[in-house]
């Protein structure tokens, strides 16, 4: 799309809002959907071009939902108003996902993988996620606990069980990713799991599983009889 074309010069059938009403939202690109939310561009770009620049500057949709106001405003053409529009949209989506979690019951490792695989598999650094469960193995919450190089000296059970107690969890599952794409457990992974299992016994909050996420695959330490 030429930068000389303004949004009102685009044929009406190709404008994002009109396309959504005629074809349905599922037929629009990510950039077109964001353009509808932002509504206007600026003197240099129409709103579709601006949306393209935003999404690609922050690393795609995954980056968009994790971007801060400061990071968004570093994109040319994005001021405070548009940054807050994007942040509000992202927060609404996150709240919807939290409400959706309440309907999820965990009965096998693949149920857990569905909750975290897409979120963790493409990250460039290790992230540890805690899933708190009630007495019927329904998900209470899903929380990011730690980010960075995971090892047994840095991941302290106190941080994990503090969140479990706060949410009145009956049991927990932890998940973390291997940026290499290989989910084979390391010695540190096994040590962390052992420590958490013992702490859980003392606190009456059972560690049900530890999933390691690789590139579109995962390993359950429970299934491997490590837990």
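Cβ atoms here come from the backbone N, Cα and C positions, even for glycine.
Given the structure is predicted, the values throughout are model-derived calculations rather than measurements.
When the ranges 162-175, 176-189, 190-203 are checked against Swiss-Prot, the one recorded as motif 'JAMM motif' is 176-189. Remark: secondary structure over the domain 'MPN' (105-227) totals 39 helix, 36 strand, 48 coil, with classes taken from DSSP. Its Cβ placed at the centre, residue 176 (Zn(2+) binding site) has 24 other Cβ atoms within 10 Å.
Residue density at residue 189 (Zn(2+) binding site): 22 other Cβ atoms are found within 10 A of its Cβ, drawing on all protein chains shown.
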